[in-house]
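Participant: Could you have a look at this structure, given as structure tokens, before my questions?
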Amino acid sequence: MSNSYVLVINSGSSSLKFAVIDSQTGEALISGLGECFGMPEAVISWKYQGEKTEEAITAADHHHQHAINRIVGLMESLGFAQDLVAVGHRIVHGGEKFTSTVRIDEEVLAEIESLSDLAPLHNPAGAIGIQAAMAAFPSLPQFAVFDTAFHQTMPKKAFTGAISHELYKQYGIRRYGFHGTSHYYVSREAAKMLNKPIEQASFISVHLGNGASVCAISNGQSVDTSMGFTPLAGLMMGTRSGDLDPGIIEFLMKKGWSQEKVFETLNKKSGFLGVSGLTSDARGILEAMENGHEGAKLAFEVFTYRVAKYIGSYLIPLDHLDAIIFTGGIGENSLPIRREILGNLKLLGFVEDEKGNEAARFGKAGIIAKSELLNAVAMVIPTNEEFVIAQQSVELL
């Protein structure tokens, strides 16, 4: 076999992202998105050799299956089908059961579905994607890569909530953390860049996108992370509140708010969108700020302050720091946000490398600041979760 390509699938409730990844280089040969599933305007689009194509999905229902069937046709027409060795699925929640990538069988699929209580928006959709891919590619091995798996090395003191232990035993209420595949990838890439064995490297990984989280990594392992039982905890995000006094929920419900309205507000109408009253997009926030928009300025300040607070607190579980790693759409591209976060860390001695910070954008890695006090750097590493999913799938063949 000349190539080892993996079809990587990230299945949402009304969408499906896919890419064919070369498991040796990480190159995406083709990538695409099916969206608006369950609606008349359902479409699938893909990008191949710089050209984008879009098609309507005309079927009345089962849009995940129709999208994956179209992907099969694409693979065959482009000549990739014979080089596909596996299908890798991004699954959001693995609970305590899954600590690493696993080959999917009926038992694993049932376990993923049983964890739907912990991730009601994500795991049922992931299971639908698996079932559709198994029907479309019956002879290909399928693997599940879990967002939570990397964080299963957290010590009890980091993942235990300060509530009745019975709630943990009965319902599994604890910190799980997410973005694990991204934090795993960038920490390995940072260790390579710094020419340091990952087993001896310690990082604070800062994944900033529409969802955002910070992870403390000691000797290559996750020891704490900002997201919690759900991806709602931790940092302020595009539309999510992040950490919040839980008493606010009771307060709003006493004011007549329904449970659904409270959590829709916290998940979809908070964060950048809620504070600015304008947009959930960091680029829109920066643009409005330049035009004197007070809400945008406040959103920028709250966001960068909270990220810096988490970074500072994550020095606690580490015995040394090699680097702060910025990744994710905002972390990789937003120079003003990185600059403000590092400015908030003045006591840690980080001095910006202005040329380095300017250069480390749009897919380029680089060192953007140094601290002589900590003998550490701040750096940008573009994430590549699909590459990890492809690699870890191939490793289990």
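Just so you know, glycine gets a Cβ as well, placed from its N, Cα and C.
Straight from Swiss-Prot, here's the annotation block:
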- Asn10, Glu385: Mg(2+) binding site (BINDING)
- Lys17, His207, Leu208, Gly209, Asn210, Gly211, Asp281, Ala282, Arg283, Gly329, Ile330, Gly331, Glu332, Asn333: ATP binding site (BINDING)
- Arg90: substrate binding site (BINDING)
- Asp147: active site, proton donor/acceptor (ACT_SITE)
- His179: site 'Transition state stabilizer' (SITE)
- Arg240: site 'Transition state stabilizer' (SITE)
Participant: What are the sequence-distant neighbours of Asn210 (ATP binding site), meaning same chain, six or more residues apart, C-beta distance under 8 angstroms?
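Facilitator: Asn210 (ATP binding site) has long-range Cβ partners Met237, Gly238, Thr239, Ser280, Gly329.
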Participant: Could you measure between Leu208 (ATP binding site) and His179 (site 'Transition state stabilizer') for me? Cα positions, answer in whole angstrom.
Facilitator: 10
Participant: How big is the gap, in Å, between the Cα of Glu385 (Mg(2+) binding site) and that of the residue listed as 'substrate binding site', rounded to a whole number?
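Facilitator: Distance between the two Cα atoms comes out at 9 Å.
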Participant: Cα distance, the residue listed as 'active site, proton donor/acceptor' to the residue listed as 'substrate binding site', nearest Å?
Facilitator: 7
Participant: About how far apart, in whole Å, are the alpha carbons (Cα) of Asn10 (Mg(2+) binding site) and Lys17 (ATP binding site)?
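Facilitator: Asn10 (Mg(2+) binding site) to Lys17 (ATP binding site), Cα-Cα distance: 5 Å.
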Participant: Around His179 (site 'Transition state stabilizer'), which of the listed recorded positions (Lys17, Asp147, Asp281, Ile330, Glu332) come within 10 Å, judging by Cα atoms?
Facilitator: Asp147
Participant: Roughly how many angstrom lie between the C-alpha atoms of Glu332 (ATP binding site) and Asp147 (active site, proton donor/acceptor)?
Facilitator: 20
Participant: Using C-alpha atoms only, work out the spacing between Ile330 (ATP binding site) and Arg240 (site 'Transition state stabilizer') and round it to an integer in Å.
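Facilitator: Rounded to a whole number, the Cα-Cα distance is 15 Å.
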